[in-house]
Structures are given as C-alpha cells and as structure tokens.
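Summarising the annotation, TrEMBL assigns active site, phosphocysteine intermediate to C404. As annotated by TrEMBL, substrate binding site applies to N342, I343, C404, S405, D406, G407, W408, D409, R410. Marked as domain 'Myotubularin phosphatase' by TrEMBL: 194-565. The domain 'Tyrosine specific protein phosphatases' annotation in TrEMBL covers 374-420. According to TrEMBL, the domain 'FYVE-type' annotation covers 702-753.
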Amino acid sequence: MDLTRFMNKFNEIERQLSPTSALRLSFDNISPETEEPESKRLWGVPVPPFVSDKVVTWLEEEFTDPPIFYGDTLVLKKVENVRMIDRYNTKNPILGTLYLTATHLIFVEPDTNKETWILHMHIASIEKLPLTTTGSPLLIRCKTFLSVTFVIPKDSECHDVYMSLVKLYQPVSINKLYCFNYQPVKDDLPKSAGWDFFKLEHEFKRMRVPNDIWTLCSLNANYELCDTYPRQIYVPQEANTAMLIGSSRFRSKGRLPALTYLHSNKASICRCSQPLSGFSARCLEDEQMLEAIRKTNPNSDYMYVVDTRPRINALANRATGKGYENEAFYENIKFHFLGIENIHVQRTSLQKLVEACEQKTPTMSGFLNALESSGWLKHIRSILDTSSFISNVVDKGVSVVVHCSDGWDRTAQVCSLAALMLDPFYRTIKGFQSLIEKDWLSFGHKFSDRCGHIQTDNREVSPIFTQFLDCTWQLMSQRNDAFEFNERFLLILHDHVHSCQFGTFVGNCEKDRLDLKLTERTFSLWGYMTNHLNEYINPLYKPNVDETIKANLAPQCIKFWRGMYSRFESGVHPREPLGDLLLASKDHCNSLEDHVQHLTKRIASFKNYLSKSAKKLQDVTVTKTNSKETPTTEINDNKYNYDKKLSELSSADDDHPLKPSGISFANLSQLSEDADPNGLAEEIDSVAVDWKPMRKVTVCSCSTPFDQFSKKTHCWKCGDVFCERCIDKNIPLPGQDSGRPVPVCRTCFRLVQKISP
C-alpha cells in the first residue's frame, strides 16, 4: 500500500466533504450516547460511523489489497530486504523486514526471529543519510540511547518511512500522545490502578507535618498563589498571609519558599526559586519568611541558603532583574553557591556523551578522551556534591533553603537526592516513587518540556531527570545494600518517562495533569510497576542499614553508567547481570523453603493421622480380648500392633472380624483436609526442585533470542527459563505453603488451573 498516495487522496476527499462531515471525522466529537447505525465493513473490518461512505468506496476501489498485520498490530508500511547495521559488525549487516505501525517501528530478523521494537515516542532524532550503493540509510537515535541505522533498498520507500516517522515521533498536541490511546494487552490492569498510591498530604503526615511549627497553607488551593506548585504547600505557622503573598511576588514564577523535607531532628529542607532582587531590590515579607523558616528549628540559631548555580551565573541574572539574596538584608543566614551548570550546558554534555558512545572505531584513549571532554561525569559529581552538602548540614541539625533559577530543575535534583541520603524510606521502592511524586511531579518539574514529549523549543529539552537517576545509580553502586530496588528499576523509570505510554509523567506541573484529566484518561506507571515488583528487587538489600548514607565523591568513585548509556551495545555486557543471577538464586531458595514448609506440615498431619489410627486399632483389640472367657496376657507393643493390624486391614475381605464392628481402614479416623492423601503427588509435582541454569538458555521457547538487556524468568512449576512475554501469569502453587501467586509459564498455568490447551 502506497502510504503517501493514500494520505494525499484521503486529505483531498476530506476537503471535498461538507463542513459538517469534516467535523464528524474527529473522534472527539462523537457522542457515546448517540445510537450508532449499522456498521460498514472494509476488508472484513468494521468501519467507525464517522468515516463517510465516499471514503470507504474510494478505499475499496483504489486499494484492493487487505491491510497488513504484524501479530495483532496494524502495519502502515512494510519494507522487505532492509539491512540493520550494527556498528560493531558493519561488514555483516542483518537482513530483515521493517514494519511501520502507528506506534512502533519493528525490525524482524527472519533467521533468528529476533525483533527490534522502537517506540515512536522514544525517537530523539531521525537523519536521512546520503544514498549508498546498497540503498538509502536512515539513522535513528533514541532517548533510550539506542542508535540504529536501517538501509532501505529504494530511496522512495526510505523517504516514505522518514516522512511518516517525522510526523509520528513528536506530536504537535499533547492530547495526541501515546498514553491517551494506549491499551494494555492484558485486561488485568484497571485504569485506576496506581493513581491513588501517592497522596502528598500522606507523605507529609509520615514526616509528622502539620504540627505546632509547620502548617498547611490554603492560599494555593486553586493554584492562585503559584500555579506550578501543588495545592498543598506547607509553611511555618508564623508565616501570615501578607508574608506568603509578598514572598511569592518577590520570587521568580511565584515559587515562594515551601517545605519539602522535615528531618527527625527538626532541621528542614525548603525549596523556592531565585528572588527578583536585581542589584538592590529587597522585600521585607520575603526576609520575614526566611526568618520564620529559620525559627522552626530550635536547635540552631542560623540556617543555610544554598544557590545551586555557579556564582557568575547568578551575577549575570541580576542584569535581568533577578539574581540572589542580598546578604545585608537577611540575618542569621549563611549563603553558599555550589556550581551546577544550567540546562543548556547539560544538554550539550549529553550530546557529547552519546557521540563518545557511538564512535565507529572506539579505542581506549579515544573513548576516555571523549568521555572527559563531554564533562558528563563532572556534572554528575557536582550534583552529588551539592546534595551531600545539604544532607550533611541537615544531619547536623541545621535547616536549608535551596533554589536555582526557577526552582524546578537543579533544585529538584539536589532536594530529592539529599532526602534520599537522609531517609531510608526513600531508598525503598514505595519510598522512591513517593520521592519522585513529591519533589518532581508535585513541585512542578517540566517533564513534557525537558523530555521533548511534543514539538517545542529544543532549547527547553535537557536530561535533568536522567542525571537524577544517574546520581541514584552512583549511590547504589557505592552502597548496594542500602537500596531495595535494582538497576532495572531505574532503567524502566527512565524509559517510561520518555515513552508517554503512561500518563504519570505527562505535563509540566500538577495543574497541567488535572486539566488533562490524566487519572481518567490514561494508565499509571505505578500500577504497571506493581505487577512487576519481583523484577526490581535488589537481593542484597538490608532493611536495617544505616539511616544516613554518604556519597564518596573521590574522582575514581564516579563511574560511567554502562548499563544506561551503552546498554544496547552487543559484546560489552555480561550474558546475565549479577543482580539477575542473585535474584534467581534467591527466588529458587524461597520456592524450595516454601515447598519444604508445606511438605513438613503434610508429614506432620500424616503422622498425627497414623497415630490416631493405631490407637483405635489397639482399643478394638483390647475390647475383643476382654470379651473372651479366657483372658490372655500380651505385651503391648504399639509399633508391633500397628504394623500387624495395618497388614490385616489392608488385605481383609468382607468376613474380617473387625468389619461388623464398623471399623475399617477407610474410617479408622476422620481424615482432616491436611491428611488427605489424594492429590499429594500433584502437590509434589507442582513445584520445580531443579531450575534450569540461565547461562545455558540462549533462546526462549517462543523462539525469541535472549540478549544482554532481556530479562530471563524461571517458571516456578517446571523450572524452565522464559522471556517476559511467555511468563506473564502468576498463580498459587498447591505445593507451596504461603499460597502467594508466583510466576509460571502459560502451559503450567493451564495445568494448575485444570484448563486444557
């Protein structure tokens, strides 16, 4: 199907239709209450009622071929004999078929059945390279740091794919994002799941706020005080309305000082934006506001104001009427500049880092020089240094007010990282999600602008959240026993911040998300991650680790995050990450321990049953003996009596002397549910004792090959290794005592459920 010809003709027909009909081509104007007429069909597929008969007739006449599907996905364009070039193997490119769908670009290798899926929203840039003898190359760079080149045989086909991707990978309107059309393959995830996991007021209650020192400010209930702040902002009890309004007007974007973290020693972290001070302006209300914050901590007679910018940048902002606090006007405050560069420097640094990772003939010196010139690790260290300063100050009982320029980039980075170092709750999976919700989503980090979700000014795009995840990984690599989550957890977060598959990170502030009604129209990332928690567990985690952790800022301790920036490079990763091997071993041990506990209880119930049966046999024997005229004396040996009578009963016929008395092997003792021998073999067979080693598995049963970034998962029933798509079921196993659902493959799921394939 010629995609260009199709779109041109479709647009022509649309223009020929009446205004009313053209309006009805919009999905948004279809009323669900309207009774739909009998549906039309095209190639056997029902056609929505807003598509006119003229369009359907033209499609049937011009395009006689039925649409192409890849699996259950409608294909817009299919191109065969496409070469995918791996920069490590340029002489032997992979030949396969390229499928363009409405949401993904899919490359399939027919020989190995390996699939490469590229989500349109993950594409950062598309470049059509000069024509070569083998075809027309198309270079695609992704926000997930995948860089791939497709060589398409015909230049016209390459142009069609290129133009289609340009329109699809970056929508013009935020309402056209992927999350508003996404539907999960399985229906076990309700749309409401995850949206109620976090409430800002609950997080502050965990920190015992409000209290007699801090209170909830009601002035921002309708976002009138600051539209990029959350509705609930917590301020000192001493701060009155005039102070709050005056301070808000004196701060850039109205972002007045507000509480973000309260330590158990009463020291606090507050955040705000730069003051509109210029060279000499002052604001009495803002000075009173900072003094009120200082007084909330009775353990210190001073506090710090941390400006995360280099001093020269803050001085330059004074020329535009902004700047920083004048030390002469603020009493009992110590000022510090920490030197984190702005979003433009960080964006350029990441571009140079990507270029270092994409060198065609990488050498040790070439890579290290390129990494050094990018300045990326220097920026990561600078962020960690600032966060460590704040953490150390608060740990010593001194409060801190933090700001940068507008208070939604560098401020979010250092406030969240300082809290991560101070509070072990934020180092758990639930706590880290709460930290992101509080310091990034509620306090207005501009995710849509910084991640380039829609067509916008490229100067607004910057890897601020990527740096936060990188700093978290640096802390994890130094203290891997202090974090409940693993590296995969951070990678999933990074990828879905950019994918727009879920509505969690869409928009620039809390108000934007409410206006877009994301909780009603989209799925939550937290709900999805809840169904995959077993993939994110760090097996080395120790919950009772030190309350405060400190970053080692020595230059040799700041590492290049290979798992993020080079994760798609073949040959530079272990076949299985150490964390996956440890997690598999831990799961195997848990499965066996659960199984042993169940079997121990079964053995105990059988022993109890046999003991009661032997006692009844003995009582019957004594009764029979006493009824005889000549009593006899015999030695009472329980084991002997049990073995003897059990043998008699098992071979008895209807004339056995015990039968008339109503005693039989079947009713010697009323079997409890636990002592029922029926199904014992099924319980034993329901749990795999031996698990197949992951190193020996290179391909899944569905023919999907495993590579360095695909997760291998064991089926707890059969012990085989499967890919994530083939082991999407969880069910309690009869042979396990806990009764909790565990991962099983689809075949074992049907067996346990007694469902035939």
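Note that Cβ sites are derived from N, Cα and C of the backbone, with glycine treated the same way.
Whatever TrEMBL says is automated annotation, not expert-curated.
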Most distant Cα pair in Å, residues N342, I343, C404, S405, D406, G407, W408, D409, R410 binding substrate: 12
Count of other CB atoms lying within 10 Å of the CB belonging to N342 (substrate binding site): 15
Inter-residue Cα distance where the pair is R410 (substrate binding site) and the residue listed as 'active site, phosphocysteine intermediate', in Å: 6
Same chain, 6+ residues apart, C-beta under 8 Å of the C-beta of W408 (substrate binding site), given in sequence order: T228, R255, S273, F443, G444, H445, K446
Cβ-Cβ distance under 8 Å to D406 (substrate binding site), same chain, at least six residues away: S252, K253, R255, S273, Q274
Packing count at the residue listed as 'active site, phosphocysteine intermediate' (other Cβ atoms within 10 Å of its Cβ): 28
Substrate site shell beyond N342, I343, C404, S405, D406, G407, W408, D409, R410, criterion: Cβ within 8 Å of Cβ centroid: S273, T308, T411
DSSP helix/strand/coil residue counts for the domain 'FYVE-type' (702-753): 7 helix, 11 strand, 34 coil
Number of other Cβ atoms within 10 Å of the Cβ of R410 (substrate binding site) across all protein chains: 27
For the domain 'Tyrosine specific protein phosphatases' (374-420), mean pLDDT (0 to 100): 96
